[in-house]
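**Student:** Sharing the record's features from TrEMBL:
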TRANSMEM  B:6-21  transmembrane segment
TRANSMEM  B:114-132  transmembrane segment
DOMAIN    B:132-428  domain 'NADH:quinone oxidoreductase/Mrp antiporter transmembrane'
TRANSMEM  B:138-155  transmembrane segment
TRANSMEM  B:167-189  transmembrane segment
TRANSMEM  B:213-235  transmembrane segment
TRANSMEM  B:256-274  transmembrane segment
TRANSMEM  B:289-310  transmembrane segment
TRANSMEM  B:317-336  transmembrane segment
TRANSMEM  B:348-366  transmembrane segment
TRANSMEM  B:386-404  transmembrane segment
TRANSMEM  B:424-445  transmembrane segment
TRANSMEM  B:466-487  transmembrane segment
Amino acid sequence: MTVPIEYYVLLSMALFCIGLFGILTRRNALMFLMSVELMLNAANINLIAFAFYHGNLTGQVFALFTMALAAAEVAVGLGIILVLYRNFRDVDVTVPTTMRW
Amino acid sequence: MMIETLIAVALIGALVTFVAPNRIAGKLAFLISLVPAGLSLWMFATFDGRGNALLEGDLAFESRLEWIQLGAYDISWFVGLDGISMPLVVLTTILVTLAIVSSWTPIDDRESQFYGLVLFIEANLIGVFAALDFFVWFIFWEAVLIPMYLLIGIWGGPRRKYAAIKFFVYTNVASLVMFGAVIALVFGLGDAVTSFALPEITAAMLDGGPDGFFGVAGPTLASAVFVATFVGFAVKVPVVPFHTWLPDAHVEAPTPASVLLAGVLLKMGTYALLRFNFTMFPTEIVEPFVVPIAVVAVISVIYGAMLALAQTDLKRIVAYSSVSSMGYVILGLIAYTHFGVGGATFQMVSHGLISGLMFMAVGVIYNATHTRMVTDMSGMADRMPIAVGIFVAGSFGYMGLPLMSGFAAEYFIFFGSFGADFPYAPVFTALAMFGIVVVAGYLLYAMQRAIFGPYSLETDYEVSRAPLHDVAPMFVLLGLIIVLGVAPELIFEMIHDAVDPIVDGGEL
Amino acid sequence: MTTGPKLRLDSSLAPGVLAVALFVIMATIVLNTGFSPEMEGFEGVDSITAEIGYAMFDLEALQSTEGSIPDTEAFLAAFLLIAVALDAALDASLVLAKREEEGEPVAALASRGTGSDGAGSAASGVAGSDRSAATDGGHEGSTVDADRADDPGGESR
Amino acid sequence: MEGLFDYAPAIALFPLVAFVVALAFGNSLPKKGAIPGILATGGSLLLSIAMLAAVASGEVYHETLYEWAIGDAVSDTGVDGVEFTFGILIDPLSALMLVIVSLIAFLVHVFSLGYMNAEGETGLPRYYAGLGLFTFSMLAFVYADNLLMAFMFFELVGLCSFLLIGFWFRTRSAPSAAKKAFLVTRFGDYFFLIGVVAIAATFGTLQFAGDDSFVAAAETAIADGTTLFGFAPETWVTITGLLVLGGVVGKSAQFPLHTWLPDAMEGPTTVSALIHAATMVAAGVYLVARMFGYYALSPTALAIIAFVGGFTALFAATMGVVKDDIKQVLAYSTISQYGYMMLGLGVGGYVAGVFHLMNHAFFKALLFLGAGSVIVLMHHEQDMWKMGGLKEKAPVTYWTFLAGALALAGIIPFSGFWSKDEILYDALIVGLEEPIILAAYAMGLVAVFFTGFYTFRMVFLTFHGEPRSEAAEDPHPVGWSIKAPLIVLGVLALVAGVANLAPVAKLAQLDITFLESWLDGEFGAIEGLTYGAYGELLAYETSYIGTESTTVLIAAGVSLLLAFSGAGVAWTLYNVPEPVEHKERLGSIGKTVEDNYYQDEYQVWLAEGLTLPLSRAADRFDQTVVDGVVNGVSTASLFGSDRMKRLQTGIVTNYAALLVTGFIALLLVLGILGGWF
Amino acid sequence: MAFVELPEWAALAPVLILAGTALALFVFDSVNPHSTNRAVLAGTSAVGSLAALGVAVWFTAAGVGAPGMDGFGVIELFDGQIVVDQMALFFIIVVTVVTALVVVASYDYMEGHAYQAEYYSLVMLAATGMATMATANSLVTIFIALELASLPSYALVAILKDNRGSVEAGLKYFLLGALSSAIFVYGISLVYGATGFLQLDAIAAELEALAAGDGGDFGGLLGLGILMLIGGFAFKTASVPFHFWAPEAYEGAPAPISAFLSSASKAAGFVIAFRVFTTAFPVDVTGQLIGVDWTLAFVILAVVTMTVGNFAAATQENVKRMLAYSSIGHAGYVLIGLAGLGAGSELVMGAAMMHLLVYGFMNTGAFLFVGLAEHWGVGRTFEDYNGLSRQAPIACAALAVFMFSLAGVPPFGGFWSKYFLFTGALEAGLLVVAVALVVNSALSLYYYARLVKAVWIEDPIVERDGLTQPTGLYAAIVVAAVMTVVLLPGFGPIADAALEAAAVVIA
């Protein structure tokens, strides 16, 4: 007895939207990063669930790559947050607004 | 390859002049411009074209090269001259040469760039009149705007920035409308055309017209395109109510740019109207629009002249009078008679010479007085008899004094449109002719105030006579005006020959 | 500076409505999707991990044996590519994380006093000895002194 | 004589050469260009006389010399193709006119030596160039063989008139007058040009003479009843004829376009004599005579011509009565006299009109030159109230002037009497049948009285009585170059009437109406362009009071009586040692007359009170509405742009929110269309 | 041709050259981390990118990836994960051209910067990523290549670490980039869910099967997935509503990087979009499944994007920001290529490709001019640019060329590509889009002309001494300008190449 695929997908979507919620409401850059990670992992859930659903491994392997790329993204992201902090003494993403309009 | 040579000489000359030292740029540009002028005169003398370029006429100096294949359509480098374009090419080369000479005095900053741009304009203008492929034509057509934009913008008067950008954007928008319309038309023609060569499009138009496009029926499409292209060209001409860029551009432009603007650039509009709207489209498409266009033409003539009457800036006066004169051209074009269409073409050349002369004369007066305000000066004839004399002569040319080209042109147009077949043609003609009274009114009024009467002008220096190189170009122009006025057949013969198929094909 | 997580409920949460709305829409779509109730699953597969390895390196010979999973795609290209991508990430994060002292790049996370010359200050001393190497290619004045960034973690509030 | 006509173009070209020479080299020539002018006009005069002689010997010349423009055009009468050409038509009428024009031009050139050169004017090359160009244009106009060529030179003489009126451009008044002259005549020419275009478009030809002339074509059309431009042929001929008449009214200063002529007196007096009295102003009348065949087809047009002429004759004469400036008096008298000519032509008195044209050219040129002489004598004083007593001091001027005045007033036996009497006689006999012509006749008759009055008022004030200023007491001497032309013209004014002593001929049954025979082609003429031919076309009926003789006597007697009574009144009022003004006696009428019946006022109002404000309003409209729309589009776009860029708040969370919003919107659109929900 | 003797993988040569150069620079940096030998670094990069360009041009001319008699067929590598066809080569050309221009210009622009080697290696890595994007044929490789292009880009934007603008730009770019890639991956997962495949051909085949009726009803899910993929492309191409990063990133980044991102990165974004939507989601089959033509999404995006970009650009005061918005506007124009996709629609897609190539010259040139101005230190706003032509007429002439070409005014290359887009839109029946294109072109004239006005017409506000003529920047700008002009008469080959490439992909 397996759990129907819909539940996985709903779960992943919930996770996705939670991540999105974080992005939309949080001002801390690190929180922002974490939220993005949530969203990426939501995709991973999907991939793995669908891999099982379709009975091929493509999704699973791809999920591995996604994780690697997520890590790479975080690495660069942290670097940027670092220089952000050096320049603005803050990691609030809403602070840098020197350029607008 | 003659046309290519003309264009290439001007283009290379433009580049050379652009990088030449400012000191010699003026003389250099003059020498370079003599080449196209001389060549085009030689071409004029050996011209052997017959018939209309768009209506299977024999072209002179034709050349055609494949360029780009776009889907079902060929785009080719296709140039050639017929009796309509030949005089305009000569007009262009001569006016450019004279404009260069007339710039020696007023242009004292960034000369090499100035003359480079003037030569660049020349190349494009020749291209506009010689091109027979829609794309070649359109590229030159648009390319003219850029140097003119810069000429007005850099060397213009106090409000030059506004004027330049208005000119540029306004006319460009109009071009876009026209461009879109023509493309839609070509698409609507479907398999009937395989290239953008104007003769081919014309043949397809006259032979059945478009099948329709986007669910629009063929005739409706053709009518819509007619209106769109007319509006597009009307801005360039300009026809009331699309004229407001013109006075601004003219007033702010430096004299040589005004000369070219009025002398040749406006002719692009009427030339295109003739080529596109009144050659390409079959009679049944044009017919419903003839009376509205006649109304617009008459309004242009009278309203333009009225506006000129209200001005106190000499350049503005001449600028508005151009609006008025171009109204005659439109009137001639819609007449669909030999004399109407031929006269309109003749008027293009004639007005090019006369308005060029007028702007030069105003420019020479301005060089000396640093004002163009009629109200600021009085009795200029006292100090600058020759320049003023030429101004007076030019003014009378503008008024259509017989034995000057303006009269010939206007007479042809009036005669052609009076006998035209559209409803109330005589009435429209008579109304438009009232322009000759108003034009006399505002020019004489301006003359009376500015150049006659006791001398008075507040300057802290002595106003002296203009140097020879300021006056010489005006004499050349005056000479040409009189020659054409006495012997219009010099060019009217070839114009007539080229106009013939249009009128036969389009008998209303 | 350390504070525990706090639930903030203010107007800054308003955009969160969008996330909720998106969830509603997506959920509706999912519920309208006619998934087949049966999952294919990996019945009779010897080793999923091994299969993943085969797929990752395009070991087609091994993939096509009995008991393997059909239809799995090849990932060698992706694997090679991600190697480069990770290089790029490394490069990028290093550039960003490094600090500069008096215009000289120093190790990103060196402790004060010791790490400043860890990353080969000799070489940099040769190349950029007498010139202050601005990191700003444009000539906009820099606003913050780089060497003040001694707290690389960046504290949240 | 056959080859002589080959030199016909030279008649006009001589002065053209003089124009070029004077313009280009005038400043370095002795007499500043006068010599070439005199030589050229002299040459023209000789050639013209030769032409006259040739015509007298029975030859005529009608040749197209130059094709100006050729084209295909289907005229309304179905003629295919049209040629606009320059050609020369020398027939009795034009030969006569050539002589008149070149003679007066020659005399004026000579006179100018004394009037302009001797007075040390500056800008003389310009003056002589203008005269040369004028003479060229006028002569070319005269022998033009088609309407377009006529129109072209008709316009050119207008230009010369402008240039010469504005000769003293450093004053305020001269340029203004020049402008007015050109504008007003241009207004007339506007109609003329429509007429030319209409005739060309209707008949496909503009030839005056020959089988392919528009006159002949019009005859055919009327005979065939062809509909022309939607009108009956007669109506259309009337319309086009009247359109052409617009130019005539303008150029010949007929009511209501007469206002420019008095102002034109701002020019040098020589110019007034040549252009604004003897020749250019005559161009209008000459044109009517030239295409008389066409007008003859339209009784309506003729009646209008006659009525306008009669009215103008009276109207202008009354204004002449109250003028104080000697040239102004002459100017109004000119207008009035051309009114007579129009009246004469309008009633079908072709010979009478041309006769008066000729006589008037002589005596009015004489009077103007005399006035010029007076002005020189008076040190450039033109107010007659400052003159007086010049009779003794300048006898040549006085006697010649008197001859001109007598001719003008129509006193027997001076030339003016004969021609004016003939006009009035012709008007009377037609008027007895046509009431409107009778009215015109009546006005012409009344004008005779005023003519006599103002003429002699002028003579008495100028020459009689006591000198009323220092200048008058000590006049500036005048040289031979002034006196000689006066004498020549004085003699002509006296004797020119001999050319057509119609009353005598009718009463004495003598064949001495030489001019009539001349114009009737008894010596030689082109077919269709004769008095006789015109007579056949004319639809007028005539009748007499009693017999022809009694009518002749009555007409002559009445006009003579009126002329004498006018002169007599002037005698009583002004031939006194110390004449005084009598204007106040006229009361408000006098004021009205002195203000020229407010003709100038309303025309100036039309120009400055109506057109100018209208144009300013148009300008404002253009600046605000038409250009406002253009600028409005741009402003609206830029405003939209400003709003649009405000989306970019700079806060990255907002971007995320907007991004998601956009995504959701897109999702909703596609989802709803695709039925995903 | 001798080429036949080369192994199949050699078709990837341009990409490999780029990757090799990047790694060489990376190694160089590791060995000699503080080298500021700009000549060597920039030279290596330039040589590498030019070599890649040369090979790509050679391959194109030789017919690699072209089907038919004289071609070598579409070359598939790595089980179809990677494909080399004409479209791939075309975009590799675009990317390498821009890269070459950018690195040459960077020689002067980055003078005095601390991280020379890293800079160039990052640029080359990003270029590698973009070139790979052109060849990627599976959602996996596409995603990884996309990240490969993105990650260095984030760092490059923020590389002026002491410059608040640069850092802010990097942050915004990164944050929105991360969000977009999350959405993109999620989209991939959904597409995978709907089809079970990630390789594009396989997806298409599966869709055929699904449309034929065997399989579940995945319409909504597939649609959502496709839409999320579109989101990923939209981010990369700076299209509405994923464009918000662009104005700031382009404004804050070093000018050559702005040029790089707005030209090459955009082109790369489009190539994956073209590849995915032509290969994986044929319009008719997909439309049958999801109930709506996905081209509709692109129609909306195209119109909105060009309008937003052009309107927002019209009143900018900052030149770079104006160019950034103009870049968004151009993304909208190119989107027409996707909006008009369908059977036999190679014209419209080919037009989009041509536009990207021309855009690679003119837009890069324009941004490099801004770089030149920053190098001179004249300031950033239009007013600061006033009267530059007095000191630097050649560069300003080049700028005028770029501006008019961007506006689509003849006689420059931009005219052709814009015209072809217009024609394509008409042929595809997208009257609304065509009209929007015309209206936006009209508006764009205003602000492009405004920049020309500033440098040529306005008088300088402050007195300036003579300006230097940095060789690299000048060379890059002049080359770009000359190419922009030459592309007008020489447009034939490009049009042919683009149309053929498009035809192969669409067929």
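Placed from the backbone N, Cα and C atoms, the Cβ positions cover glycine too.
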**Student:** Quickly jot the same-chain residues contacting the transmembrane segment (B:424-445) by Cβ under 8 Å, restricted to those at least six beyond its ends, or write none.
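**Tutor:** Contacts of the transmembrane segment (B:424-445) (Cβ under 8 Å, skipping residues fewer than 6 from its ends): 291, 294-295, 297-298, 301-302, 305-306, 308-309, 311, 317, 321, 324, 327-328, 331, 335, 395, 398-400, 410, 414, 417-418.
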**Student:** Same chain, outside the transmembrane segment (B:167-189) by at least 6, Cβ under 8 Å from its Cβ: which residues?
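**Tutor:** For the transmembrane segment (B:167-189), the list is 73, 134, 138, 141-142, 145, 148-149, 152, 196, 201, 204-205, 209-213, 216, 218, 221-222, 224-225, 228-229, 231-236, 242, 245, 248-249, 272, 276.
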**Student:** Within the same chain, where does the transmembrane segment (B:466-487) have neighbours whose Cβ lies under 8 angstroms from its own Cβ atoms, ignoring anything closer than 6 residues to its ends? I mean 6 or more beyond.
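**Tutor:** Cβ under 8 Å, 6 or more out: 94, 98-99, 101-102, 104-105, 349-350, 353-354, 356-357, 360-361, 364, 367-368, 384, 386-387, 390, 393-394, 397, 402-408.
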**Student:** State the residues, same chain only, that lie 6 or more residues beyond the ends of the transmembrane segment (B:289-310) and have a CB under 8 A from a CB inside it; answer 'none' if no residue qualifies.
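**Tutor:** Here the qualifying positions are 223, 226-227, 230, 234, 239-240, 243, 247, 316-328, 330-331, 334, 422-425, 428, 431-432, 434-435, 438-439, 441-442, 445, 508.
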**Student:** Taking residues 6+ outside the transmembrane segment (B:114-132), which of them lie with a CB under 8 Å of any CB in it?
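**Tutor:** Same-chain contacts beyond the flanks: 3, 6-8, 10-11, 13-15, 17-19, 25-26, 28-29, 32-33, 36, 40, 53-54, 59, 61, 78-81, 85, 88-89, 92-93, 96, 99-100, 103, 107, 139-141, 143-144, 147-148, 150-151, 154-155, 197-199, 256, 260, 264-265, 268, 271.
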**Student:** Check the transmembrane segment (B:213-235) against each of B:256-274, B:317-336, B:386-404 and return whichever range has the most CB pairs under 8 Å.
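**Tutor:** Checked against B:256-274, B:317-336, B:386-404; highest Cβ contact count belongs to B:256-274.
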